[in-house]
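Reviewing the structure listed below.
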């Protein structure tokens, strides 16, 4: 079962998050029909976005957008404080041979010439936006760079996805380790050593380690678990939302749809759900609109 934990370690000097996201990423793969390299890029982004979302409170939410100039195009993910994520890639059917390390070549798919941006909606008039250059294209390093440079928190982000031969997801998950102000050098050195030796996160998930056990493996001590929450792929789109969008087009455009196709199909970018509007429904919407 997928879930996320929030924890503290080293007497509160270290804040940590870890998640198993295999089912969540599998749902993203199923909905978008991503090929393996695209699945890894989408899954890593979803997992990192989930953990960033877990740092929010209440009804706050955020959007992550990665545009690295690679063949995959843009990756966009929405996450909230409730463990819900939805995401898509511009070009889901991207796959390359494994890289020199024998891993899915995410860097080649994402590209290294572009930006990673995070827009937070904290319920205020203004959105908070942070943007950094892509430094690696492998995504874990890029989210690390975002946290360090845009949010000024010394951090380490690990995200990983393993894909089955039939394109379904074998394992997915991630962790974020953050140092609180005033962390002593001894603690920093110990954590850096652990991070340099730890197995890839996807391998730890595949072995069956829980998020709690992953943090213990990464931190070198048993963390204090503050909160556990279920996580899932969730898109709040609905036919009503698309009705509102169609109404916004105005009478003439709706009439054009009726005359040209006799119906309309709306597709949600984020979850690929399709909504069909019949001729009668379109006529009803046309008659409702004042534009």
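For all residues, glycine too, the Cβ spot is worked out from N, Cα and C.
Now, the feature entries from Swiss-Prot:
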type	residues	note
DISULFID	235-237	disulfide bond
DISULFID	268-271	disulfide bond
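Straight-line distance linking the Cα atoms of residue 237 (disulfide bond) and residue 268 (disulfide bond), rounded to a whole number, equals 7 Å. Taking a C-beta cut-off of under 8 angstroms and a sequence separation of 6 or more, residue 235 (disulfide bond) has the following same-chain neighbours: 86, 268, 270, 271, 273.
Counted within 10 Å of its Cβ, the other Cβ atoms near residue 268 (disulfide bond) come to 18, all protein chains included. In the three-state DSSP reading, residue 268 (disulfide bond) counts as coil.
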